[in-house]
């Protein structure tokens, strides 16, 4: 099944909701970066959240970046997504081994530890919007919930989950974001809080084979759910040799000449998808000639 996001409203548009299945996204990231299970879970949660948040943006060229800088062994995470829910990301450290959490789960909170979440929205204006909040738990879903409440003043419930197979491949991944709009009635707020408090974890829903539509129906069915849109989402990197060449030009002729003088090919790595691009000495000479 291909990954996708469902966009919906409920309670006469007092609630807006997103639910996502992201198993292929997270497995693609795991394969690209060869991550250990706790890193797969951390990166997978941020990729899932990023895909849904990307789909919230209006402009075709809008770009969202989620960055976590942290003191834990993972070192940090970076995810970018566009309005079409194309998403990519990487961890600073791909292999982290930690004992399970007290609940017997992958200890993402310990892998991240203390840190800061930055949300950067580039909407083609002079300056991008930047919102920053401290990590609350390092479990990512709670950290995004806190970001929405403090930086965007939108009461939200974010749930993100990644479940692994014994062979360390991704069994299932997904999540939801449910938000109360400013005119939500007190009765709706109380009922929704009660409902969210009753549900099992999002991973157990996904593990049962529940689709994003079924997850939203379970959560919001009694509020009068209206599904608005089904958006495909995937792990996509837009790096090309031409784009990498532009990056090489930007380092300046002096450094470029030093590379040529070394008489060895150079290899440039894309952090997001881990693709390596090799440039021979002849190609480097050609680049410097064309940049004159």
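From the backbone N, Cα and C atoms, a Cβ is placed for every residue, glycine too.
So that you can see what the record holds, here are the features copied from Swiss-Prot:
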- 237-239: disulfide bond (DISULFID)
- 270-273: disulfide bond (DISULFID)
Number of Cβ atoms other than its own within 10 Å, given for residue 237 (disulfide bond): 19
Alpha-carbon distance [residue 239 (disulfide bond); residue 270 (disulfide bond)] in Å: 7
Cα-to-Cα gap, residue 273 (disulfide bond) vs residue 237 (disulfide bond), nearest whole Å: 6
